[in-house]
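K.L.:
Please find one structure pasted underneath; my questions will follow.
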């Protein structure tokens, strides 16, 4: 292809993402667009084509971003090349969204005609506005009996500030308005601006590991071209490799001769060491490098930390390899080795939220065939010590002694909850129970309210989302951003089994809730720890003070079975002998803690602590 043809091709490229709240029809719209552009044969068509991970299809949510190339014959007689990057909608995966948007010039904003603008819609739109993307509003599901397109148009104009008079009315399920959306992409979304003759500059927006080809890099070419045989350099790590294959996803991998400005595709270069690549790095040519790397992405801070241990300690290295491979595909995951007296060797992992943690655990268990134990999640605390130093603690068992602490700060978030009028009371009650501070309340229209609270992150990560959904019959939507750290009266609670603290069961809680939470946890542990041959006391303690206790009764043989009547002293002698044996057993016995015991702490809901 000569220079003029390449320039012409560049004018016909359109890169766009689809952004929306969970369940507003993103993946279905992507399916219809693939169908309309004949990218997928009718016989291969299935719902949510781009959600190719088994877990995504099972849960019906998008977890990973996905990029596909489509060809569209527009009404002006020209053929356009579309690169569609599908994005997740859940708050835990907003990092995936920000990475997708950095590879685009435009975005389709999909809003449900019945539900209107929701919290996550706003959060993702602001990401798109920050990246200066051209936003095309689409009102989806207009064939629903409860659809109110005019109300939703007004909402888009009021809340987002976009002109919605030209918004496309569509139904992804029935295929209404799909052609109009494609025409809008041609006319409204600009072609990529980039210099074909400049040195290669490409942004790595995702990567994954293939056991035959090594690391596969998904890139968006910003300047220049790249072809098989080129020697490339990764600008952050400085490592150099020779390109062995280039291509695009359509939606399966299709090999190409080269990738040029505006293309979204993949390259392989026999990269065997996972540590050499990082999402957000810039690819350039080794013999003609670019002056400066692209901006890349802001480094994302994990919100939630949890210990991850293999059930079989011999699998420690397998877990390390699995985490390294998964990190290629999930840039927000962080981990470092740690050890626990109770669980042996494992890793302290950082996640963006509980759903992210759940998904990582499930992917490790499915894709790498591992059996894992996860400890209760916690956030990171800033602990000021009496000697004037400060420590950041993300593991409750590392909390210093109370006498050495001058204050503990915990992360706070600004939570915005959109909810129908009827449920405002229930939401406010829930937020206050979770130590929330009311900030403001805005009426979006006659029947919906946006309530804003400042809340501690530690109260949100457990089960706030589930409680919110059950208290509002599923109508509330929720988004949060971390605002900073505040001093709180927090205490560390140790759980003792048979008089010994189990480091993996420690947790940090506000002093006001210490007593109730301890009582609930001790009760739950009593149900999950199996009975032993000796009595097992379960205690919760703050420092040396025991604040809750329960006992798992011992199994005992009926030693009096062979005594038919007779002297009481004979019976007493047998009972004393049994008691002494149990005592000796207790002093040397150790208690196995099953995985359910760790999970019971996770699943401690408000019903357990309410009103006690």
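In case you wondered, yes, glycine gets a Cβ from its N, Cα and C as well.
Look at Swiss-Prot and you will find 11-193 tagged as domain 'tr-type G'. Feature annotation from Swiss-Prot assigns GTP binding site to 23, 24, 25, 26, 27, 28, 140, 141, 142, 143; the stated evidence is sequence analysis.
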K.L.:
Starting from the Cβ of residue 140 (GTP binding site), draw a 10 Å sphere and report how many other Cβ atoms land inside it.
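P.N.:
31, counting other Cβ atoms within 10 Å of residue 140 (GTP binding site).
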K.L.:
Looking only at DSSP and grouping its letters into three states, which state does residue 27 (GTP binding site) belong to?
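P.N.:
Residue 27 (GTP binding site) sits in a helix per DSSP.
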K.L.:
Quick one: what's DSSP say for residue 140 (GTP binding site), helix, strand or coil?
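P.N.:
Reduced to three states, the DSSP call for residue 140 (GTP binding site) is strand.
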K.L.:
If you draw a 10 Å sphere on the Cβ of residue 27 (GTP binding site), how many other Cβ atoms land inside?
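P.N.:
Around residue 27 (GTP binding site), other Cβ atoms within 10 Å: 24.
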K.L.:
Look at each of the binding-site residues, 25, 142, and point out the one with the fewest other Cβ atoms around it within 10 Å.
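P.N.:
Among the binding-site residues 25, 142, the sparsest Cβ neighbourhood within 10 Å belongs to 142.
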